[in-house]
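So that you can see what the record holds, here are the features copied from Swiss-Prot:
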BINDING   Ser269, 327-328, 345-353, 367-370  UDP-alpha-D-glucose binding site
Amino acid sequence: METRETKPVIFLFPFPLQGHLNPMFQLANIFFNRGFSITVIHTEFNSPNSSNFPHFTFVSIPDSLSEPESYPDVIEILHDLNSKCVAPFGDCLKKLISEEPTAACVIVDALWYFTHDLTEKFNFPRIVLRTVNLSAFVAFSKFHVLREKGYLSLQETKADSPVPELPYLRMKDLPWFQTEDPRSGDKLQIGVMKSLKSSSGIIFNAIEDLETDQLDEARIEFPVPLFCIGPFHRYVSASSSSLLAHDMTCLSWLDKQATNSVIYASLGSIASIDESEFLEIAWGLRNSNQPFLWVVRPGLIHGKEWIEILPKGFIENLEGRGKIVKWAPQPEVLAHRATGGFLTHCGWNSTLEGICEAIPMICRPSFGDQRVNARYINDVWKIGLHLENKVERLVIENAVRTLMTSSEGEEIRKRIMPMKETVEQCLKLGGSSFRNLENLIAYILSF
């Protein structure tokens, strides 16, 4: 029987944002179940709950981060973390490598773009986890070309014009981040691309069979091994890596609802909306007359604690037809028989979880890869509806009714079923994700 001393050890360095923690810990569980020992290096900022993962070793590094509220946007937090973690991470990794005779590699989130210099210095394999799908990955990879051609400045004046280099996408879909200083976004793209191209390989929580053309294009651009082994959450029932407590009462509420009757609404863990949009969504959900489960995390609404701006009696007048929670166990909610639609920000984790359960989507993207995902959901895969203009209550109401009760919604539901079946096949013996995981494990053991 292998012990910690004889098992190959993988070090993991997740980026401390919810949408990045989840896939990294899912990946950690996959490797643990395949015989690897796992050591998680993490920042003090948004540090994970180690008690949820007693089978892993955790090592904390200082990040000296200021209060998150003091930063103008999340990109500045990202850059500051990359700057302040260089020395602590380097010291930590050097120590771990010297102490672990069976150390195999380190897997880092792509947003830790500073790590490539250190691992080259230590001559230690570094594999990168990219938490977007292949379509968004290819779009990000063309950043330098799109910048040179002036496309980024056309996102408002020619928003609906097609992007010749990226079939299906329009100027407004380009996955850039709105920042106080445009140079900050450029710095991020350049840093991430350089880090990816100098890595020992790239892992995707994606399905090769759904994006074969994009994978071929990515392989031309990136001369390193690429491994599509998603969906991560379907391999093992992982412990929670959520930074917020799940409100489990939503599952018992779903138990009382009719099959495929509930619209589930969640706009992710980072984006925020203004008071006006929040109220429009609230009235749109209410006026649709469909049962709804709505995740409103603290901080979702600019300047507000939670849902105190809802009109007096709003929740009471729903008479149990709607439920609002601060956070929910999303995979379980989407897998519930009562859930029939998903109003989503289109982050890739959420999009993939929706596809896995064949749940049609209403897309309300905010930034980054969410725009690419929304375009694919609406125009390429045709498995949802896209809210492209200002969010108004009538638009929300009509979208919910279309998705949940119309013949158009039924056609969408029929189109998403084969995608779910493709995902299920890819995980089986001989499937693309099964095969790619075997290749990835063999690759790591070859170092």
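Cβ from N, Cα, C; glycine included.
Taking Cβ-Cβ distances under 8 Å and a sequence gap of 6 or more within the same chain, the neighbours of Ala328 (UDP-alpha-D-glucose binding site) are His246, Asp247, Cys250, Tyr264, Ser266, Leu293, Val295. The binding-site residues listed here are Cys346, Leu352; among them, Cys346 has the most other Cβ atoms within 10 Å of its own Cβ.
There are 25 other Cβ atoms within 10 Å of the Cβ belonging to Trp348 (UDP-alpha-D-glucose binding site).
Taking the Cβ of Ser350 (UDP-alpha-D-glucose binding site) as centre and 10 Å as the limit, one finds 23 other Cβ atoms among all the protein chains shown. Spatially close to Asp369 (UDP-alpha-D-glucose binding site) yet at least six residues away along the chain are Val132, Asn133, Ala136, Ala139, Phe140, Pro175, Gly347, Trp348, judged by Cβ distances under 8 angstroms.
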